[in-house]
Ligand SMILES: [Zn+2]
């Protein structure tokens with residue numbers, strides 16, 4: 001049994017919003033990698049967790065030792081000295097790697113950065129249990145829909161003109177001021193840009209602070225408009241989105257602060273978004289690979305029965321207003337890798353993680369990877385192949401998860417052109 005490369009058993013969570021039965025990638029991966037898991041077709045399978053989080057720890061497949069215990073017993077070998085120094089932990093990975101299968105919208109939320117995380121925790125430890133930041137990245141495994149960042153300003157201005165229910169909530173004064181004063185082509189970081197953000201904050205703040213009866217009354221009119229006058233909306237997919245999400249969360253403020261103010265983001269399989277600190281977002285449906293820093297710091301805005309901290313939320317957001325195409329991630333080349341297939345790296349502007357996607361759509365064969373200086377976790381999402389290193393050769397099938405120790409070269413061998421893997425890693429340098 002190698003300590004450099006080994007299979008992991010990953011646990012799963014059955015939250016209510018998960019896809020049902022075998023329509024869920026999480027269920028398929030869990031059942032294929034562990035034949036004792038029998039899929040119940042009427043039960044939700046929401047999240048597969050790969051890592052050292054104590055809620056759902058991963059175990060070494062061969063001897064059922066927990067990855068957390070393995071790391072704690074020999075952190076230098078499993079994390080590497082540089083990663084230990086950088087992240088100040090000898091027990092856990094700096095990232096949590098997941099598969100999510102989403103059937104129902106998750107709450108509209110934003111995550112504080114490190115500085116704000118510390119302040120919130122000091123003020124309200126019950127709602128903010130830790131002070132870390134929580135950058136998140138999502139790569140679509142199937143087609144994915146979400147809400148991500150504020151819409152461009154002229155689009156919101158257009159909605160204030162077209163949709164009386166939004167204007168009724170925002171009020172004539174703030175609506176007119178927004179329409180009249182925005183400078184959609186302001187240079188980022190300029191004083192015009194910061195005035196734009198203040199105008200956007202005033203609109204969002206008004207929506208978030210509206211009374212429940214006001215929201216409910218206007219939500220019903222908005223849904224009626226979506227059903228009977230879809231041409232009133234400035235995007236063809238918006239009426240159906242409103243109708244669908246209202247079925248999941250009737251009369252919710254999320255119809256306004258989410259559907260009308262945030263970008264409706266659609267990803268094709270293989271595309272990714274990085275969710276910056278303090279940017280509002282919500283997942284609507286699809287199967288995704290998600291990676292995040294280990295944290296539970298969430299401030300919620302809508303589509304949730306949970307606590308909404310409206311004041312902190314309205315104060316904290318960046319109010320960036322980029323079109324959705326700009327929120328999608330670009331990929332980098334993967335250095336120190338060669339051979340068959342194709343590897344690209346999704347590398348967000350944070351230290352805790354990046355993800356390498358490897359595909360073999362053109363031809364089967366073997367691709368070689370030099371060692372990375374930190375630990376990594378790899379999952380096969382489709383097709384069949386092998387992963388090998390220094391005499392260890394392991395079958396890689398859908399849902400099979402592997403740990404790769406620092407400074408360990410590996411080969412991925414594709415047996416078919418469907419073979420796809422995702423590898424989350426952290427590097428100290
Ligand atoms: Zn989030």
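Please read every residue number as a count from 1 along the shown chain.
Heads up, the Cβ atoms here are built off N, Cα and C, so glycines get one too.
Caution: TrEMBL annotation is automatic and unverified by curators.
Because the structure is a prediction, the values reported are computed rather than measured.
What TrEMBL annotates here:
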DOMAIN    5-153  domain 'Phosphomannose isomerase type I catalytic'
BINDING   109, 111, 136, 281  Zn(2+) binding site
DOMAIN    169-262  domain 'Phosphomannose isomerase type I helical insertion'
ACT_SITE  300  active site
DOMAIN    343-388  domain 'Phosphomannose isomerase type I C-terminal'
Result for ligand 1 contact check over recorded positions 109, 136, 300 with Cβ cutoff under 6 A is 109, 136
Would you say the domain 'Phosphomannose isomerase type I C-terminal' (343-388) and the domain 'Phosphomannose isomerase type I helical insertion' (169-262) are in contact under the rule of three or more C-beta pairs closer than 8 Å, pairs 6 or more apart in sequence? no
In the three-state DSSP scheme, residue 111 (Zn(2+) binding site) belongs to coil
Most Cβ neighbours within 10 Å, among the recorded positions 281, 300, goes to 281
Taking the centre of the Cβ atoms of 109, 111, 136, 281 as the Zn(2+) site, the remaining residues of that chain with Cβ inside 8 Å are 110, 134, 275, 279, 280, 298
DSSP output for residue 281 (Zn(2+) binding site) maps to strand
DSSP puts the residues of the domain 'Phosphomannose isomerase type I helical insertion' (169-262) at 69 helix, 1 strand, 24 coil
For the domain 'Phosphomannose isomerase type I C-terminal' (343-388), the DSSP residue counts stand at 0 helix, 26 strand, 20 coil
Using a 10 Å radius on the Cβ of residue 136 (Zn(2+) binding site), the other Cβ atoms enclosed count 24
DSSP says the residue listed as 'active site', in three-state terms, is strand
Counted with DSSP (H/G/I as helix, E/B as strand, rest coil), the domain 'Phosphomannose isomerase type I catalytic' (5-153) has 41 helix, 43 strand, 65 coil
